[in-house]
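Database features, via Swiss-Prot:
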- 78, 79, 80, 85, 262, 312, 313, 314, 315, 316, 317, 330: NADP(+) binding site (BINDING)
- 80, 97, 98, 99, 100, 101, 102, 103, 112, 135: substrate binding site (BINDING)
- 254, 277: Mn(2+) binding site (BINDING)
- 142: site 'Critical for catalysis' (SITE)
- 214: site 'Critical for catalysis' (SITE)
């Protein structure tokens, strides 16, 4: 084995550590798959629950500001505390989701993409190529005002212009008795950012782009999404997409999900907040596993980018680890959190050797499973295998990836 020639990463990467089993995996990945091959300045932020509590969650906003400063961040999975976690860690308060905090500071769109491995059976067998779900992570149900209507009466929506113009009233419903009501919103600026990010990813990945709404029912609300996407396509992106042989199309959400099931994959769907939330999990499971899903947050100007695994901290395995028992935890999505960040860093820095290394690492991950038949328990189970010899431990899998990477790189 020849000596490893380290590649230098020109600019820093923001590294955000996490919790429980994923924190252990994160360290293995860094020690075995990143640092032996790269000279990289990692700006380290500990987003583990104890340190977030110690800093009153300031560490999370500091990490977000650092991503805005340096352009690229990679994040380990983190605990979002509930009542039980507050008690378990004796927390000062129930801190917000770190992902939510990062999104609020950075802005941008969340794109979730499945990792496709040939020998992992798919629940939807026709899906050969990835389906990327772009989720508009602003407004709608997630920032709505929902109320319980106590008795009969009139419900109205009132708009009061800031410039002192005429107040507008919109009758909503005449209640004969108790019920519920909901008022939600979105903004042209946020929808435009969402559309820009979606078109840019389509061009970068050379994939067709769909957007989906229910504009036949919500003619003005969903119509606004449709109009903004179509306006940008015509004025800014159609020529470039034509050159690449790709296109954009709006589809009704019900038609879109039906077409999705019949298709072979290989496209992007830009979805409203709720639709994207639901469909990204359906897509992940359809491709075989929630453990095979990448998640990136990207701003429309491309200046801020954050990648992470689209799963939690794997508490159940961590409890086994704490008891000294062996674990077989899937680290693939966490490895991809690093590789997607490195690819973005390499593109921004114009260092193709960094991009090439990250792509080689992704290839090594896939081949460890598909060629070497080395996999964790969850992947073995998808093949109907339950015997102990069919899977390896958490650390053995990462060692397997390192061996495959060295073989492919000629070390």
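Cβ coordinates come from backbone N, Cα and C, glycine included.
Feature map: annotations from Swiss-Prot on the structure.
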residue	record	DSSP (3 states)
80	NADP(+) binding site	coil
98	substrate binding site	helix
112	substrate binding site	strand
142	site 'Critical for catalysis'	helix
214	site 'Critical for catalysis'	coil
262	NADP(+) binding site	helix
313	NADP(+) binding site	coil
(request) Do me a favour and check the Cα-Cα span between residue 214 (site 'Critical for catalysis') and residue 313 (NADP(+) binding site); whole Å is fine. (result) 35
(message) Rank the binding-site residues 98, 100 by how many other Cβ atoms lie within 10 Å of each Cβ and give me the one with the fewest.
(response) 100
(request) Determine, using Cα-Cα distances only, which of these recorded positions is closest to residue 277 (Mn(2+) binding site): 80, 98, 142, 262, 315. (result) 142
(message) Tell me which of the binding-site residues 98, 100, 112 ends up closest to residue 313 (NADP(+) binding site) in space, Cα to Cα.
(response) 98
(message) I'd like to know which of these recorded positions, 112, 214, 262, 317, is least surrounded, judged by other CB atoms within 10 A.
(response) 262
(message) Restricting to the record's NADP(+)-binding residues (78, 79, 80, 85, 262, 312, 313, 314, 315, 316, 317, 330), give me the longest CA-CA distance in Å as a whole number.
(response) 42
(message) At a 10 Å cut-off from the C-beta of residue 313 (NADP(+) binding site), count the other C-beta atoms across all protein chains.
(response) 23
(message) Quick check for the class: what is the C-alpha distance, in angstrom and rounded, between residue 102 (substrate binding site) and residue 315 (NADP(+) binding site)?
(response) 22
(message) Cα-Cα, whole number of Å: residue 317 (NADP(+) binding site) versus residue 142 (site 'Critical for catalysis')?
(response) 31
